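Asks: The following block contains the structure, expressed as structure tokens.
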Amino acid sequence: MFGKLLPCAILVWCLFSLGQARQEETVEECERNIPASLKGRVCELRQYTPVQGKDMDSHMQCVLEVLGFVEDNGELVFQELLGVLKMVDPDGDHASSMKKCNAEAEKVDTSSKANTFYTCFLGTSSAQAFKYAVDYVELLRAGKLDMGTTFNAGQVSALMKQIDDGLCN
């Protein structure tokens with residue numbers, strides 16, 4: 001059991017360390033500071049609806065950066081995201097999806113990299129694992145789950161439903 005908790009704790013600590021460069025520290029803060037053109041679409045965006053444009057580029061940079069999945073220049077933090085994806089879905093071939101989408105993101109301007117990666121990744125076989133990974137780390141960073149909490153799909157889904165219902169109903 002200790003052998004499973006230690007890598008999880010180390011990964012979560014790394015994710016928290018990476019997300020410290022921004023003013024925002026949680027997805028909630030990114031949503032609070034969302035560009036005006038997206039303010040009325042927060043509920044839609046929380047359901048993983050890809051949106052194009054500079055405002056969404058900025059928002060996804062914020063979200064993925066506070067989660068520790070991209071650097072402040074939009075570059076993918078490959079091992080961090082892969083580690084969470086493997087916790088969520090140990091059997092998935094997430095690395096190939098990540099490589100494909102990272103290659104797409106490398107073709108665009110720095111300001112669009114995070115959103116390009118996000119949009120691409122939602123079209124891969126790893127999309128569900130990615131959604132769970134984002135939700136799981138969002139809950140950890142927001143203090144809704146304790147740092148040592150191992151991934152549980154039912155628990156993550158229930159907590160995200162509570163948050164979404166509170167915001168969107």
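Cβ from N, Cα, C; glycine included.
Here's the feature list from Swiss-Prot:
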- 1-21: signal peptide (SIGNAL)
- C30-C62: disulfide bond (DISULFID)
- E31, H59, Y118, D135, E138: serotonin binding site (BINDING)
- E31, R46, D135, E138: noradrenaline binding site (BINDING)
- C43-C168: disulfide bond (DISULFID)
- C101-C120: disulfide bond (DISULFID)
- Y118, D135, E138: histamine binding site (BINDING)
Asks: Over all shown protein chains, what is the count of other CB atoms within 10 A of the CB belonging to Y118 (serotonin binding site)?
Replies: 25
Asks: Around the noradrenaline site recorded as E31, R46, D135, E138, what other same-chain residues have a C-beta within 8 angstroms of the site's C-beta center?
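Replies: After dropping the recorded site residues, what remains is V27, E28, V63, V134, M160, I163, D164.
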Asks: Which entry in the list of binding-site residues, R46, H59, has its Cβ near the fewest other Cβ atoms, using 10 Å as the limit?
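Replies: With the binding-site residues R46, H59, fewest surrounding Cβ atoms within 10 Å: R46.
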Asks: Give me the largest Cα to Cα distance among E31, H59, Y118, D135, E138, the residues the record lists as binding serotonin, in Å as a whole number.
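Replies: So the binding residues stretch over 16 Å, Cα to Cα.
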Asks: Around C62 (disulfide bond), how many other C-beta atoms are within 10 angstroms of its C-beta?
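Replies: Within a 10 Å radius of the Cβ of C62 (disulfide bond) lie 22 other Cβ atoms.
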Asks: Among Y118, D135, E138, listed as contacts of histamine, what is the widest Cα spread in Å, to the nearest whole number?
Replies: 15
Asks: Using a 10 Å radius around each Cβ and all protein chains in view, which of these disulfide-bonded residues has the most neighbours: C43, C101, C120, C168?
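Replies: In terms of Cβ crowding, the pick is C101.
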